[in-house]
């Protein structure tokens, strides 16, 4: 998605440890117009999949997730990183390691929001090692839901997550595919 790649070039910052900081439009401050375009692109890519729900993970998956769900005309469910007191004990749990924050999280979704009738589109902000996506796939599996596809805003192709998702038989669409951060510059797949 050219618009997204241009925005990453303009406002993204490569940090130590192969981290891309895009907090001016996605991971802290959110650009709703850009996220609407992200949602439209996910709709275009997955509209033939009979999606019943979008599943994402808090917090940075919510903006692209809600826009994709809005465009597809379906609800969005987000996995929580902490179980609030209002959540009952009927939940699906999965362990997720965050490479950015260097912490283990337990994510959860209340069981009443996912079922074997669901055809899920999993959406996330980044796909690097694939830990968040693996956790959401685990939750979908616990619910006996069908995963129609995985959509990510940014895939860091050199960190193995994309390969893992595809090797496990899931349809994957990434709106911006990064090949490397050579010389602290973002290089997209397919560039010379």
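Glycine is treated like the rest: Cβ placed from N, Cα and C.
The annotation xanthine binding site is assigned in Swiss-Prot to 20, 27, 156 on the grounds of sequence analysis. Feature annotation from Swiss-Prot assigns 5-phospho-alpha-D-ribose 1-diphosphate binding site to 128, 129, 130, 131, 132.
Shown here: features listed in Swiss-Prot, placed on the structure.
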residue : record                                              : DSSP class
20      : xanthine binding site                               : strand
27      : xanthine binding site                               : coil
128     : 5-phospho-alpha-D-ribose 1-diphosphate binding site : coil
156     : xanthine binding site                               : strand
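Put simply, 156 is the one of the binding-site residues 20, 27, 156 whose Cα lies nearest to the Cα of residue 129 (5-phospho-alpha-D-ribose 1-diphosphate binding site). Over all protein chains present, the Cβ of residue 131 (5-phospho-alpha-D-ribose 1-diphosphate binding site) has 20 other Cβ atoms lying within 10 Å. Between the listed binding-site residues, namely 129, 156, the fewest other CB atoms within 10 angstroms of a CB are found at 129. Annotated 5-phospho-alpha-D-ribose 1-diphosphate site 128, 129, 130, 131, 132; additional same-chain residues within 8 Å of its Cβ mean position, judged by their own Cβ, are 97, 99, 126, 127, 133, 134, 159, 161.
Residue 20 (xanthine binding site): 20 other CB atoms within 10 A of its CB, across all protein chains.
Taking every pair among 20, 27, 156, the residues listed as contacting xanthine, the largest Cα to Cα separation comes to 16 Å. Among the binding-site residues listed here, namely 20, 27, 156, 156 has its C-alpha nearest to that of residue 130 (5-phospho-alpha-D-ribose 1-diphosphate binding site). The closest partner of residue 156 (xanthine binding site) among the binding-site residues, by CA position, is 128; the full candidate set was 128, 131, 132. For residue 20 (xanthine binding site) paired with residue 128 (5-phospho-alpha-D-ribose 1-diphosphate binding site), the C-alpha to C-alpha distance reads 10 Å.
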